[in-house]
Each structure stands twice: as C-alpha cells, then as structure tokens.
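What Swiss-Prot records for 57, 82, 91 is Zn(2+) binding site. For 161, 168-171, 177, 203, 207, 274-280, the entry in Swiss-Prot reads NADP(+) binding site, with the evidence type similarity to another entry. Residues or ranges marked as substrate binding site by Swiss-Prot on the basis of similarity to another entry: 175, 191, 211, 214, 272. Per Swiss-Prot, the feature domain 'CMP/dCMP-type deaminase' maps to 7-129. Residues or ranges marked as region 'Deaminase' in Swiss-Prot: 1-152. Swiss-Prot lists 153-339 with the feature region 'Reductase'.
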C-alpha cells in the first residue's frame, strides 16, 4: 500500500478499509479498524490499523505516525472513534489533543459503553461526518465483529469444498483433494484470521485433520485459531487435532446453539464440519455466511455437501443471496449471506 495522495474521501476510506483488513484476526477482542489521516492537500500523513490487545487503536496509530502534521487534517476511520477508558484512553481524547479538523467514519460504534465518540468530537468543535462507505465496511472487515455486538454470539461461516454436482467426496469417501492448491491456500489464509475452526467428531474420525492455519511454504501461521470438536463420541488421543500446534476445545453436544453459547467469547467461527454438522447448523439458523469452493470436476455418488436441512418442498427452500463470486485458481469461490 504505497498510495501517498488521495483525491476524495471515498478513496481515503478505501485505504482505511485496506488497513482494517490487514489487521483482521490480530485484534481480538477489539474490532479490526483502519484509519488514514489526510492533510488539506490530499496527502496521506499517517495511517494504520488497530494493534493487538493492549495496544493502540487505529486512530492513535495513525496520529502517532502523522505527528504534528495531524493538526487541521482529516481523519478517515472505518468505525466511530471510541469514547471510553479501557486498556487505552479514549480515541476521542487523542483526536482532540492532536487538533485535527475533521473526523470521517463509516459505521457507528454499537457498543453502549464505548460509543458516543461522534457527539464528543462535535462538542469539542471538530467537524464530523458519518456513513462513508458504511455498507462496504459493515459487510467487509467489520462483518463478524458487528454481528457479535448485535447478537452476543459469534458469526459463523460455513466453508466447504464441492464438485460442480454438489459432492463433497467420491463414492468411496475420498476427498483429498477436491479443491485446488490455490483454493486451499485461500482457506488457510482465512483460517489464520478466524477465532475458531469447528468440526464434528465424524470429521475427526474419518479424516484426522490437523485444523491448523499454514503459510504457502507449509509452515504454521503465526496465529492459530482455536480448534473446536463437537459431538459425543470420543476421539483417539493420537488424533492430529489434539497435537500441540494449536489449542483444542471439545464440546459434547449436538445442539448448535449450545455450541455457540460455549463459544460466546469468540467473534469469527469457521464451520468446516461434514454434512451432518452443517445440516444441523442450517436447520438451527446458526449459519450467517456460506463460502463454497466449487471445483470443475464431476463426482456423482451419494456423498453430498450437506445432509437434511429440514426442507420438504421447494417452497420451503432455505434461500440465500450471493455476496460475491471470484475465481481462485481453477475453482470458483461463492460467498453467500442469508436473505
């Protein structure tokens, strides 16, 4: 990201969104916020993203990098600056003390304790503008965090790989690999920014997955998600999911909402279980997003990506809408959200 000057507030917010994505997965339990500081001539004088827990928020990181050039400048940030004391002082204090001229943000802070920053800034004489690229931010880097704030439960993304005829394995049960290497690398990148990976005991017993996030060279990513195994069956002590490469939690239930309550301290959960677990979560309305890696192969046979979802006729079909479609190597990645 070597942009030195912007021509519009929207362009500056686009850069702030990039900074937000850059820190996603490293800021838990704080939201992954990005900030850019622009002087009156459109020159970027400071930028940054939220630091890990205990570190500074994005606005303060950007102010630190801007130094005295922040005076009279425009601060563009993906979320309303906070107005409370936590492990760090309120961001509004730093903005007022830096004598910035204007603060532009995308989405309001829904936290009743931390919110109210916009009003505080206005009262101090700063110009404040809200809602810039709000939909892009809310559906992008802050999607999972905002869901957690609204519901108190983690955001669940069901990820699966399938052939173009909807099969998750061949008739003999083999599935390595349906998706391409490029798709698998993309998945590992997503694992590295998730808080937890969720599978059932059936997947562990059948496939013995490690459920780790890895880099392109095969080494472990610096940050590993919590591995969560759901079900009442025992798994062998030598199972790879129990190795010391990451932490593992066992949740002995078949009820999706019990699982989510047990993970209520998490924000972003990847459901990678097989058709039984996926079906249970879909029936419970516990999936917020679907990521389907579709490979250009035909398998036929009985092994579908999902079991019964409680639909007996076409009228009662579970209807989703496409969020995005992109090419990942030879595969397609379909992203869908609930209507």
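From the backbone N, Cα and C atoms, a Cβ is placed for every residue, glycine too.
Cβ crowding, taken as the number of other Cβ atoms within 10 Å, peaks at 91 among the binding-site residues 91, 169, 171, 278.
DSSP places the residues of the domain 'CMP/dCMP-type deaminase' (7-129) in helix, strand and coil in these numbers: 42 helix, 27 strand, 54 coil. Near residue 171 (NADP(+) binding site), with the C-alpha within 10 Å of its C-alpha, lie none of the binding-site residues 82, 91, 211, 214, 272.
Taken as a whole, the region 'Reductase' (153-339) shows an average pLDDT of 93 in this prediction. Secondary structure from DSSP puts residue 161 (NADP(+) binding site) in a beta strand. The most crowded of the binding-site residues listed here (191, 214) is 191, judged by how many other CB atoms sit within 10 Å of its own CB.
Taken residue by residue with DSSP, residue 171 (NADP(+) binding site) is part of neither helix nor strand, so it is coil. Put simply, of the binding-site residues 91, 175, 191, 272, the one whose Cα is nearest the Cα of residue 278 (NADP(+) binding site) is 272.
In the three-state DSSP classification, residue 191 (substrate binding site) falls within a helix. Taking Cα separation as the measure, residue 211 (substrate binding site) is nearest to 276 of the binding-site residues 57, 82, 276, 280. Close to residue 175 (substrate binding site), meaning Cα to Cα within 10 A, are the following binding-site residues out of 57, 91, 161, 203, 274, 276: 161. Of the listed binding-site residues, namely 203, 274, 276, 280, the sparsest Cβ surroundings within 10 Å are found at 276. Shown are the binding-site residues 82, 161, 211; of these, the residue with the fewest other Cβ atoms within 10 Å is 161. Taking a C-beta cut-off of under 8 angstroms and a sequence separation of 6 or more, residue 272 (substrate binding site) has the following same-chain neighbours: 159, 160, 197, 198, 199, 203, 209, 211.
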